[in-house]
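Below: one structure, written as structure tokens.
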């Protein structure tokens with residue numbers, strides 16, 4: 001497990017550097033500090049908290065990671081459902097989503113029952129939720145209500161649960177190193193978010209989809225994903241992959257992550273909000289931070305599962 | 001024999017537990033839009049659609065303010081059985097007022113004024129009952145005006161409670177976790193020469209103005 005210490009020492013070094021730079025910038029800037037700088041400081045503080053939470057989960061191994069992501073799913077689903085149209089007649093379906101579906105999905109991941117956790121939400125919940133809603137008898141905005149909730153479960157629970165599911169993959173020669181695979185995915189995808197932001201601020205000119213997100217530019221995308229792929233390749237020692245394989249997988253995960261961010265922006269735009277929530281200062285809500293991971297995790301999981309096990 | 005009064009301890013413990021629970025379920029944050037937390041004696045008046053409303057509002061107050069703030073609730077409902085009575089009177093320290101004008105033995109105004117004269121702040125729902133309609137806010141009953149006239153030194157703070165009716169609708173006992181906010185507006189007061197109807201209309205509008213316009217529920 002020496003590799004995991006190397007990774008966390010590296011992360012702490014990066015965060016220390018970021019805190020130092022931001023501190024110097026704040027100290028030298030005119031008072032009061034600009035909103036970009038205030039936001040940057042809040043983001044760095046939140047990063048410290050996130051790294052601490054992930055480290056704590058890693059201390060407890062597989063169970064720790066599963067509990068951590070169960071809480072992430074809870075926070076994400078809560079933010080999502082808040083923005084949907086719910087009616088009084090949805091009450092028990094909604095409670096079931098939080099009290100039954102989330103724990104059961106993560107329990108299935110914990111027991112490594114791949115055959116069930118990969119279809120529990122897309123098949124059984126998909127059929128059960130509209131059936132319950134129909135039995136209840138409220139047909140008002142029926143299609144809209146059931147599809148919104150189904151979507152919420154897929155994004156916030158099903159997709160996110162594929163991050164801890166990486167621990168359960170039996171990759172020959174990688175025994176006991178499942179946590180490192182999770183660290184690899186999170187580091188590259190979150191790194192790509194930061195790098196896209198930096199490249200976009202420095203070189204951003206041509207917007208990809210101005211209607212959806214004015215801050216996403218081709219320059220940011222190409223620079224961010226290119227550099228995040230290099231980051232992934234340089235982290236190959238965490239994984240069972242060669243450096244080229246690690247770079248390609250990181251690139252795919254980051255492209256998925258970009259698409260996840262774009263879809264999340266479209267939903268927020270549709271609902272007329274800027275952030276999903278107010279949970280993490282400087283970052284908005286849980287979904288603002290995990291939107292890229294949501295799209296990246298299942299694809300990364302299935303490529304690795306198909307090609308390496 | 002030691003005769004320890006366990007009630008205040010039980011009440012502050014219940015208050016702290018409920019506030020913690022409300023925060024864990026709803027992630028509630030206060031938005032101090034028109035005012036700041038203060039030591040001034042206040043009447044927080046808010047929209048009402050759920051039993052969770054006053055717990056949510058109280059959880060947004062600072063601990064000392066929460067300790068001296070009591071919610072006003074209907075005696076006909078909360079005295080109707082022993083469990084409710086225990087919760088309202090012993091656990092939550094609510095100020096129970098009799099809403100039914102014909103049968104009542106105590107004037108509701110007197111009961112509320114007594115609490116104010118004891119130095120307590122109140123959480124007050126001027127609609128008089130839980131709003132089950134599609135309207136965002138019902139017509140205000142005259143209680144708020146009577147309180148304002150009787151104790152002009154107490155600040156009247158409008159508080160918009162967002163989403164609690166979706167978390168815990170009427171008749172349900174298990175809450176759905178959804179994000180909530182409580183938006184505190186600027187205090188209002190009865191202006192010289194302002195009559196009851198005019199003041200109640202203005203108070204209602206002050207509360208409605210706090211209602212966010214984006215898609216995050218009602």
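In case you wondered, yes, glycine gets a Cβ from its N, Cα and C as well.
Predicted automatically and left uncurated, TrEMBL annotations should be read as such.
Per TrEMBL, the stretch carrying the note transmembrane segment among A:179-199, A:284-304 is A:179-199.
Outside the transmembrane segment (A:149-167) by six or more residues, the chain places 62, 65-66, 68-69, 72-73, 76-77, 80-81, 84, 90, 93-94, 97, 101-102, 105-106, 109, 114, 117, 121-122, 125-126, 129, 178-179, 181-182, 185-186, 287, 290, 293-295, 297-298, 300-301, 304 with a CB less than 8 A from a CB of the stretch. Below 8 angstroms of C-beta separation, residues 33, 37, 40-41, 44, 47-48, 51, 55, 180, 183, 187, 235, 238 of the same chain, each at least six residues beyond the ends of the transmembrane segment (A:7-27), sit close to that stretch.
A contact between the transmembrane segment (A:179-199) and the transmembrane segment (A:114-137) is absent, since fewer than 3 of their C-beta pairs, 6 or more residues apart, lie under 8 Å.
Long-range contacts of the transmembrane segment (A:47-77) within the same chain, counting only residues at least 6 positions beyond its ends with a Cβ under 8 Å from a Cβ of the stretch, are 4, 8, 11-12, 15, 18-19, 97-98, 102-103, 105-106, 109-110, 152-153, 155-157, 160-161, 163-164, 167-168, 178-179, 182-183, 186, 277, 279-280, 285-287, 289-290, 294.
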